[in-house]
Every structure is written in C-alpha cells, then in structure tokens.
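Below: one structure, written as structure tokens.
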Amino acid sequence: QQSGRKYNLFLKRRLRIDKRHQSKDSIFFRDGVRRIDFVLSYVDDFKENDKKLERRKEFESNLQKAGLELETEDKKESEDGKIFFVKIHAPWEVLITYAEVLNIKVPIKENDIPSTVENPLDCVLFPLRLPEKVMHPEPDYFTAPFSKDKQELYLINDESTFFSPSMRNRIVNYILTRCPYGTEEGKKKFGIKRLLNNGTYTAAYPLHDCQYWKKANDPNCDSERYTLYMEWARFLRFYKEQPLDLIRKYYGEKIGIYFAWLGFYTEMLFLAAVVGLICFLYGLFTMDENMSSKEICDPAIGGEIIMCPLCDQECEYWRLNTTCESSQYSHLFDNVATLFFAIFMGIWVTLFLEFWKRRQARLKYEWDLVDFEEEQQQLQLRPEYEAKCTQKKRNPVTQEMEPYLPLTSQAVRFCVSGATVLFWVSLIIASMIAVIVYRLAVYAAFASLMENTQTLQPISGLLTPQLATSVTASCLNFVIIMILNFFYERIAIWITDMEIPRTHMEYENRLTMKMFLFQFVNYYSSCFYVAFFKGKFVGYPGAYTYMFNRWRNEECDPAGCLIELTTQLTIVMAGKQIWGNIQEAIVPWICNWWGRRKARNNPENLYSRWEQDHDLQTFGALGLFYEYLEMVIQFGFITLFVASFPLAPLLALMNNILEIRVDSWKLTTQYRRPVAAKAHSIGVWQEILNGMAILSVVTNAFIVAFTSDMIPRLVYYYAYSENEDSPMSGYINNSLSVFLISDFPERNEPKENPENFVICRYRDYRYPPDHERKYLHSMQFWHILAAKLAFIIIMEHVVFIVKFFVAWMIPDVPADVKAKIKREKYLTQKILHEYELEKLKERLCQGDKQATEKEFIATEGRMELSRAM
C-alpha cells in the first residue's frame with residue numbers, strides 16, 4: 001500500500017511537470033508577459049471557518065475592482081500540497097494612477113550637469129572600486145513627479161520596465177494596505193495587515209527576481225539579486241565599495257540609506273582605529289620606561305612595601321611587587337596617549353556626524369529625495385489605531401471624521417507604560433547591584449585562595465584577585481545582559497502596542513526611545529560602575545565602608561582601576577558583537593535549512609520562485625530598527641569609554657567590515673524581499689547619536705580625571721617630586737599611605753601575622769598614624785582633587801569649543817550639491833513650462849477658443865519669471 005502511494009505521488013509530480021512549462025525562476029504569470037509584483041499565500045483546509053473564505057473572496061474582488069490582475073496557483077501545484085498562492089500584477093493604468101498619488105519622481109531628461117572633477121587618488125583606490133555598471137545601474141536623469149496628463153513629457157521607452165520592480169511592489173503594497181474586505185461589527189475593515197494577523201492569509205511579499213547563486217534564464221529579468229550577491233554579499237568582497245545605487249534600486253531608499261550610513265561609519269572608524277592603534281603601540285613601546293611599574297617590580301622598593309590585607313580576617317599581608325605584571329599591562333592603556341586619544345575622539349565624533357550630514361545631503365539629491373516629505377508618508381494612520389479607537393472626531397484640516405483616543409485613555413496607557421519601563425530599568429540596576437555583591441563576595445575568596453594556594457603562584461603576578469574578580473564578574477554581567485535583553489525586547493513591543501500610537505512614525509519613535517533607554521542602562525551600567533564608583537568609596541584600614549553592612553567595598557589595583565574598565569569593556573563589547581553575528585547569520589540560515597529540507601528532493605520545475613521565497617525568513621517592519629540599535633550601542637562603547645581602551649575603534653572596525661557583509665548576505669539570501677520604502681535620513685537615530693557625542697566628552701573627561709592615574713602623576717611631577725634627575729621616582733611610595741597594624745579593629749585584623757609586620761600600606765592620600773590629623777585626608781589629596789576638577793572643566797570646554805567650531809565650519813549641504821539642486825529645479829520648471837507652451841500652441845492652431853492669446857502670454861511670462869528667479 002505504501003509503495004502504491006509513492007507511485008501515485010510520482011505520477012502526480014510527473015503530471016505537474018508536464019503541465020507547467022515555466023522555469024522555477026519565473027517571475028511572470030503563466031502567459032510569460034505580465035510580471036508578478038506581489039504574492040499572497042494562504043492555507044485552505046476543511047476546518048477553516050467561513051469568515052476567512054468570505055474575507056478572501058471580498059478582498060480579492062476589491063483588488064480586481066482597484067485594477068489589479070490576479071492569478072491563483074492551486075494547492076495541488078504547491079510543494080506540500082497545502083498552500084494556495086495568489087499572484088498579483090499591476091497593469092500600466094494602475095501604476096500611472098498610483099504613481100501620481102504617491103508623488104513618484106520619474107525621468108524627464110538625462111542629466112547634463114558635468115560630473116565632479118576626478119579624484120587624484122582614483123588610481124590608488126581602483127582595487128576597491130566595483131564595475132561602473134554595478135555602481136550605477138541606471139543613467140542619471142532629471143526627474144519630476146509623475147502626472148497622468150503629461151505622459152509624453154517623460155522618457156517612457158517601454159511601459160513594462162518604466163517603473164522599476166521596487167516601485168511596482170511599493171505601489172501594490174499601498175493598494176493592499178488600504179483595500180477593504182467587508183464590514184464586521186458595524187466597522188469597515190481593510191488592509192492586508194489585519195488579514196495576516198487574523199490568519200486569513202499566511203504571507204504577503206514581493207518576489208526576488210532570481211536565485212541568488214545564478215542568473216535567471218529569462219532574458220527580460222535583470223538578475224539584480226545575483227549581481228548583489230556576487231558583488232556585495234560575499235565576504236571575499238569585504239574590501240570593495242558598496243553598490244549603493246543598486247541596493248537602493250532593488251530594496252528601496254530606506255534600506256539603501258542604512259547601508260550608506262553603516263558604510264560611512266565604517267570608513268570613518270578607519271581613522272579612529274589607526275590613531276587608537278598608534279596610542280596603544282606607544283603604551284607598548286614605553287612600557288619598560290614606566291617609572292611606576294619599575295618601582296612596583298623592583299624587589300628593593302615594591303618587594304619591601306607591605307600592603308594591607310585585601311579582605312577581612314582571612315586575607316594575609318602581601319608585597320606590592322606581586323602585582324608587577326598587572327601594573328606593566330595597565331600602562332598599555334593608562335599613559336599620556338590616553339589623554340590625547342580622548343580629546344581626539346571628542347573631535348572625531350563631531351567630524352563623523354557633520355560629514356555624515358553632507359553625505360546624506362548628497363544621497364538625497366542623487367536619489368531624488370530633496371522634496372520628499374517623510375511626514376506625508378508616515379502620517380497615515382496605523383490600521384491598529386483605527387481598529388482600536390472606536391470614538392471619532394472631526395479633523396480640523398480635512399474636515400472629515402476620524403478615530404481618536406480619548407485623553408483619559410492615553411493618560412492611563414502612558415502611566416502603565418512608564419511604570420513598566422521604570423520597573424525594567426530598576427530590574428537592571430538590581431541585577432547590577434547583584435553583580436557588585438558577587439564581586440565583593442568572590443573578591444575575598446579569590447584574594448584568600450591566591451595567597452594560600454601554591455599551584456596558583458606561577459600566575460599570581462598576572463592574575464591578581466582584582467583581575468580575576470573583574471573577568472568573572474564581566475562574564476556573568478554579559479550573560480545577565482543577554483537574558484534581560486531577550487525579555488525586554490518583547491516587553492517594549494508589547495507596551496508600545498498598548499499605547500496605540502497614531503502613526504507609523506510615532507510607533508517607531510516611541511519604540512526606539514524605550515529600547516534605547518533600556519539598552520543604554522543594560523549595556524553601560526557595569527562600565528559606569530567600574531569607571532566612576534569602584535574604588536572611590538573604600539574607606540581606609542580600620543574604617544572600611546561596607547555594602548549592606550556586610551560586604552567590604554572592593555579596591556582598585558595599586559596601578560589603578562583603568563585596566564579593569566578595559567577588561568569590562570572588552571568582554572561586554574566583544575561578546576555582544578560575536579553573539580549579534582551568530583544571531584543574525586546562523587539562526588536565519590538554520591531556520592531556512594529546516595524549512596527547505598523537503599524541497600531538495602523535488603524536481604526543479606516543482607519548486608517555484610514564489611514557493612522558494614515563501615520558505616525564506618520575513619524581514620519585518622522592525623528589521624532595520626534592530627540593525628540601527630546594534631550599531632548605536634556599539635557607537636556608545638567606542639565613544640563613551642574610549643579613553644580606557646584605545647583599541648575599541650579597531651574592534652568596532654573589524655566587526656563592521658563583517659557586519660556589512662553579514663547584513664547584505666542575510667538580506668540577499670536568507671530573507672524575503674522587503675517592500676520598498678522611502679526615507680531621506682536615518683531619522684531619530686541622528687538625534688541619539690548627537691546626544692551620545694556630547695555625553696562622551698563628559699564621560700571621557702571623568703575617566704581620565706578619576707579612573708586613570710594621570711592627574712595624580714602630574715600633580716606629583718610638578719608639585720611633590722624631590723628628584724630633579726628622575727621626577728617620577730618615588731611616586732609609588734608617595735601614593736600609598738601608612739597604617740599602624742595595631743590600630744586594626746577586631747573585625748578587620750588578619751588572623752595571622754607570621755612576620756610580625758608593624759605597618760602596612762594602602763592606596764590613598766592620608767596622614768600617617770603619628771600625625772596630629774591621623775588618617776584624615778592630606779593636603780595632597782585636596783590638591784589632586786582640585787586638579788581633577790580643573791582638568792574636567794578645561795578639557796570639556798576645549799573639546800566643546802572645538803566641536804562647535806568644527807560643526808560651524810562644515811556646511812551640512814556641500815556647495816556643489818546646492819548648485820545641482822538649483823540647476824535641476826530650474827531645468828525641470830523650464831521643461832514643464834515649455835511643454836505647457838507647446839500644448840497651448842497646438843490648441844491655438846486647432847482653433848481652440850479656450851486657449852486665448854492672454855493665456856499664451858501669461859504662460860510665456862511665467863517662463864521669463866522662472867528664468868529670472
């Protein structure tokens with residue numbers, strides 16, 4: 001019986017192959033002429049209720065009334081025998097009607113403005129260039145908004161190719177999101193989104209034009225997906241420029257502007273990475289000349305300095321030279337170059353943001369987005385808003401009744417939303433406190449273990465208790481960050497949906513601010529703790545401060561806290577980047593492999609283009625949101641804390657080179673083709689980047705002043721050094737205060753003192769036990785504090801003045817782009833006026849009484865006025 005079923009299945013497939021002559025790459029209806037602009041899919045089973053059938057019937061009927069042409073593929077023709085596919089084609093009449101509605105710009109004349117002067121570096125940059133046909137797939141045209149009444153004005157060579165596939169799917173999507181499908185509970189229902197949400201349809205998507213690994217067999221197909229894969233989406237092309245015009249043509253301006261921004265950010269990172277690497281190498285080459293680490297490592301100095309115990313009772317006294325290696329490594333990041341790099345990055349971030357505005361302005365001109373009003377596209381009401389808002393009021397502009405959300409309902413929703421966000425932020429802070437408690441509890445255990453265990457003696461110099469605690473706490477913190485992030489993403493979407501934002505723009509902006517606030521606290525809180533709180537509130541031997549009156553606050557390494565901040569930053573930043581790439585590349589690949597595993601055994605003709613795309617992952621409306629969020633968080637790591645880790649821009653650069661190719665690969669090979677959308681900027685992310693740029697100046701000034709040892713060293717060099725030949729000699733001894741062991745209270749005193757030490761040293765500036773102001777802060781402490789505060793004020797003002805001066809000096813729109821925009825507007829107006837004049841002449845010649853001489857004179861006068869303007 002089983003063999004009989006297999007035979008029947010074979011016959012069925014054989015019949016299907018004979019019946020269908022189309023290639024599996026076909027993007028046309030069965031007639032091979034009409035292009036498939038969109039595909040809807042649904043599962044029709046016996047258990048399905050009548051409502052879904054009625055909705056589909058009504059919806060498809062209304063689509064046909066709107067002028068769209070449909071062709072249905074029966075479920076028997078599908079690979080699994082369950083899915084129906086409705087193919088949609090927009091004929092010329094529909095395209096020109098909605099092109100006018102959507103104000104789509106189309107070519108009227110080839111651009112006659114000469115291209116910019118050739119770059120003298122072109123010969124050097126030639127290996128990085130892509131072929132001209134890939135970089136510029138279309139000629140440059142002057143464009144004007146489409147009008148049905150002026151079709152002969154436009155360069156229409158072929159009606160089937162005049163509108164690009166991305167324009168066509170944008171027009172069809174516009175119709176699909178507004179097409180009604182009936183009335184339920186007295187309300188008019190419309191839009192494909194609702195039909196997808198209630199299960200009437202399972203998917204709605206435009207088609208890729210071919211398979212990504214080979215060109216389409218049809219000569220009418222441009223095979224742009226294949227070109228993008230070969231020239232852009234493969235990692236071996238990482239050194240090549242991006243084909244932005246082709247990306248824009250295939251995916252639309254919104255995705256194009258993201259890759260343009262990501263590419264520009266990566267290019268600018270190259271400069272920061274080179275300078276950061278030079279600063280790191282400076283620290284590496286001057287490591288042996290560092291007087292502080294020399295004194296710590298010297299057996300006659302560091303070997304004779306007895307340090308106070310690192311924990312209460314269980315820990316023993318220890319010699320300063322046991323931290324020799326860690327003090328040497330801390331010099332890699334804590335040196336004079338740190339100050340230079342912090343100031344440099346404050347200026348770099350301004351240059352990046354200002355030059356990006358110029359790059360964005362150039363793209364706006366090249367991509368015909370100069371007069372594009374995003375508000376016009378985004379102010380359309382969300383279907384969810386119309387569905388949930390039952391009350392209506394008159395719009396003062398349109399004088400039409402439209403749904404609205406009462407103020408009381410808005411207030412309640414905002415209160416619930418605010419309380420939820422506050423709760424999750426508090427949860428992050430609570431988790432950070434838990435990690436701090438872990439650090440305090442484990443620190444004592446590490447200190448005791450490393451002092452008393454002989455097997456750890458070989459690495460005790462490199463792996464100090466502070467470093468061991470920092471590494472394990474950073475790893476634990478990263479795991480907690482990832483867990484909280486996983487849950488909060490879903491919570492943020494839920495509370496934003498609950499607020500019922502009115503428009504798509506409002507929805508994206510609210511979700512962006514919630515997610516960014518959470519991610520900011522989640523990723524940066526641990527770095528802020530190490531940078532600004534750790535080791536600052538320790539107290540001194542005999543009067544230590546305790547958290548919850550139980551755990552003694554942890555101290556910095558004798559060489560400073562900067563190396564621990566570097567460790568924290570490296571683990572969180574690198575861990576996030578590795579995890580992000582795994583999520584972006586491997587997870588979609590596994591999902592697609594699992595979904596397509598059955599189709600591999602099918603003959604080629606059975607696995608059609610629409611079925612192949614149906615089995616891919618969906619690039620949702622929030623797809624780009626997560627890409628931007630990931631990069632902005634990385635931007636925070638390389639700006640807010642860069643003074644502690646000059647190699648951060650280099651790590652970010654290597655990640656972004658991979659990120660561009662991973663994003664392009666997954667978009668080209670693993671996801672359905674997104675619906676083309678317009679955007680003329682990166683939106684609210686620009687304001688977030690500006691805010692982080694300003695905050696980074698403050699954080700880096702505080703890191704240099706309070707986390708690094710630069711200011712105490714400078715104060716000692718200029719005010720307290722007694723050796724003219726070697727001004728920094730004696731600094732370590734000067735930076736450690738003296739404590740009389742007999743003054744230890746019972747709670748702090750170690751259980752053993754086998755060598756009968758009388759005094760121990762600790763990191764602080766306090767008077768010695770024989771001074772009348774015993775254990776109070778010395779005058780040097782106040783001198784250093786004053787110097788730190790003065791440094792912060794001076795550095796902030798200098799960097800801010802330079803930042804604002806640079807921003808003022810660099811215009812947002814390049815002069816040549818301004819000239820081109822004016823030239824295009826003038827020529828466009830001239831062409832339109834000449835066209836109207838010719839029309840009037842024709843009407844006069846034909847004896848049209850309505851076309852009076854006065855109208856002719858007025859039109860000529862308007863042309864003269866336009867020339868004068």
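Cβ coordinates come from backbone N, Cα and C, glycine included.
TrEMBL: automatically predicted annotations, no manual curation.
Predicted, not measured: the structure shown is a model, and the values here were computed from it.
Quick look at what TrEMBL annotates:
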type	residues	note
DOMAIN	28-244	domain 'Anoctamin dimerisation'
DOMAIN	247-824	domain 'Anoctamin transmembrane'
TRANSMEM	258-285	transmembrane segment
TRANSMEM	336-356	transmembrane segment
TRANSMEM	421-446	transmembrane segment
TRANSMEM	466-488	transmembrane segment
TRANSMEM	515-532	transmembrane segment
TRANSMEM	632-653	transmembrane segment
TRANSMEM	688-708	transmembrane segment
TRANSMEM	781-810	transmembrane segment
As a test: from 336-356, 421-446, 466-488, 515-532, 632-653, pick the stretch that has the greatest number of Cβ pairs under 8 Å with the transmembrane segment (781-810).
336-356
Can you name the far-off residues of the same chain, 6+ from the ends of the transmembrane segment (258-285), with a Cβ under 8 Å from a Cβ of it?
241-242, 244, 247, 331-335, 337-338, 340-341, 344-345, 348, 351-352, 355-356, 359-360, 363, 624, 627-628, 631, 635, 638, 642, 646-650, 652-653, 656-657, 659-660, 663-664, 682
Looking at 336-356, 421-446, 466-488, 515-532, which one has the highest count of Cβ pairs under 8 angstroms to the transmembrane segment (632-653)?
336-356
Chain residues in Cβ proximity to the transmembrane segment (466-488) (below 8 Å; excluding those fewer than six residues from its ends, i.e. six or more beyond):
326, 424, 427-428, 431-432, 435, 438-439, 442-443, 446, 450, 515, 518-519, 522-523, 526, 530, 554-557, 563-564, 567-568, 571-572, 575-576, 579
Tell me, what is the mean pLDDT of the domain 'Anoctamin dimerisation' (28-244)?
85
